[in-house]
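In case it helps, Swiss-Prot gives these features for our protein:
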type	residues	note
BINDING	S13, K186, T187, K188, P189, T190, Q191, K222	UTP binding site
BINDING	D71, E139	Mg(2+) binding site
DOMAIN	290-541	domain 'Glutamine amidotransferase type-1'
ACT_SITE	C378	active site, nucleophile
Amino acid sequence: MTRYIFITGGVVSSLGKGITSASLGAILEAQGLTVTLLKLDPYINVDPGTMSPFQHGEVFVTEDGAETDLDLGHYERFVNATMTRKNNFTTGRVYADVIRKERRGDYLGGTIQVIPHITDEIKAKIREGADGADVALVEVGGTVGDIESLPFLEAIRQMRIELGDQQTLFIHLTLVPYVAVAGEIKTKPTQHSVKELRSIGIQPDILVCRSEQPLPDAERAKIALFTNVPEPSVISLSDVKSIYEIPLILRDQGLGNRVCEKLNIKATAADLDDWKKVVQAQKNPRHTVTVAVVGKYVDLEDSYKSLSEALIHAGIHTQTRVVIEYIDSEAIELHGTELLKKVDAILVPGGFGSRGIEGKILAAQYARENGIPYFGICLGMQIAIIEFARDKAQMENANSTEFDPKTPFPVVALVSEWMAKEGIIEKRKWGDDLGGTMRLGGQPCRLKIDSLARRLYGEDRVIERHRHRYEVNNDLIGELEKKGLVISGRSIDDRLVEMIELADHPWFVGCQFHPEFTSTPRKGHPLFIGFIKAGLAAKEAKKAVLAAPSQEKTD
């Protein structure tokens, strides 16, 4: 029997419902329970795949190829469960499925309404996503009071009636602000948020109160009194330097035990030693390395959320504080590579469109010519190949057909056919819809013997997640190999280039996939760990060069 924990948010958005849900999931998992997490998004887009990163932040790709909310990345980083397309759905997806059923005649000519048809579809999708788990944590996107969230809130209200309070539990995340002028913590926004939630039939069982500082006992008691929530169930969650401290903070306040008690679950004590080690390693680095992330969405760092977390994970596993310098590739086009001179390593992430491309190409050239560790992910690999073709293979005006359809040397072109990991041949062509038509999800990759990639992974076959429409053009790859480009990874059917490197460079790696999606704080990822180690080595080498003249003078 699956128990359901519904997490809602009030007062303001961006309080951290996703991280709170994931942290509770980590606690319950450490108590011996099988956990999964779902995210319900109230927007009308079918999925976030075609949404601007400036609007939505990162699109997280699951193993089965779904384009989902970035919160699913938090879920996978905190718990051991692998998310699928069933773990995230939107209002748009729900309505599309209901309308499809209506057109098919499934409702036998009935009038289709929000209640019961939309709410029934939401409940069915929640049950489907939760199937097989001891506990399903269901995060409802948006803020209580938003009109968009009402169908979801109504659906979970109905689930409480249908399943009872031994199988369902409501957690409400809310803000308790500190008003500096008055020198007081204000509980009124939380009181009103709970009042709004109760007005639609939901009484929270547990409150998680977000604040700048830990909540004093007096305010905790006041909140309990006015919201009809027992005082031990009012949890204080203040700001922390690292999100990986949150499972420990919530465990220490007894949240996991409180949940198990309310849901009548017999569970063991939560063993969070792994999280203690992560936090200790993050708080006590022995080294520092500066990494430039050269992209076009740098004004919103959530656009690269999994990427920044993967770099942090690599720092944890190398005892290194990773300083991330986000650099707009258009700024490099305007001001040149001077912006890169103080960094120890350069990373160019994925992206779409021609804006800022030449700045990224300049960054790859700067890294190649100056022996600086370079990590190109997805588009970052493609622009490294474009730069190499132009400079080393004398392919003037080489480009991707994404940016220049008439380029004389299309070293990167639309991928029209590939074999998925199930052995199925998938095809795409010009003019296809943008949504859901990319090469998506986990795909197997065969690594070249004696390559850097093979040494980093420690195995000859890996599965990594993809999200792209364009690939290296096999018709031109032979010429690039003659000039020193190493194809260190290929698709399992040998049709597609998955990884590249340069043999005469200290550390120059490109991959067509997105390794950041599978990095976790407890394990890291071999490519990111190798990249940070290379950055440290480059930093030490630079120090040695700078110290050499003064050493000679001393001699």
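Note that Cβ sites are derived from N, Cα and C of the backbone, with glycine treated the same way.
Remember, predicted model here, so these are calculated numbers, not experimental data.
What does the local environment look like for each feature on the list?
Around K188 (UTP binding site), no same-chain residue six or more apart in sequence has its CB under 8 Å from its CB.
Under the three-state DSSP scheme, E139 (Mg(2+) binding site) falls in the strand class. Proximity of E139 (Mg(2+) binding site) to non-local residues of its own chain (separation of 6 or more, Cβ distance below 8 Å) is seen for I7, K17, G18, S21, L37, L38, K39, L40, D71, given in sequence order.
In sequence order, P349, G350, G351, H466, R467, H468, C511, Q512, F513, H514 are the residues near C378 (active site, nucleophile), counting only same-chain partners six or more apart with C-beta under 8 A. Secondary structure at C378 (active site, nucleophile), taken from DSSP and collapsed to helix, strand or coil, is coil.
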Cβ-Cβ under 8 Å from Q191 (UTP binding site), same chain, 6 or more residues apart: which ones?
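Same-chain residues close to Q191 (UTP binding site) (Cβ under 8 Å, separated by 6 or more) are I223, F226, T227.
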Please list, in sequence order, the residues in the chain of K186 (UTP binding site) that are at least six apart in sequence and whose C-beta is under 8 Å away from its C-beta.
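Non-local contacts for K186 (UTP binding site): V176, P177, Y178, V179.
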What's the number of neighbouring CB atoms sitting within 10 A of the CB on S13 (UTP binding site)?
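Total other Cβ atoms inside 10 Å, all chains included: 12.
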Do any residues at least six apart in sequence from T190 (UTP binding site), in the same chain, have a Cβ closer than 8 Å to its Cβ, and if so which, in order?
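Set apart from T190 (UTP binding site) by at least 6 residues yet with Cβ under 8 Å, we have G10, V11, T174, L175, V176, L207, C209, I223, T227.
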Since the record lists D71, T187, P189, K222 as binding-site residues, which of them has the fewest other Cβ atoms within 10 Å of its Cβ?
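Counting other Cβ atoms within 10 Å of each of the binding-site residues D71, T187, P189, K222 gives the minimum at P189.
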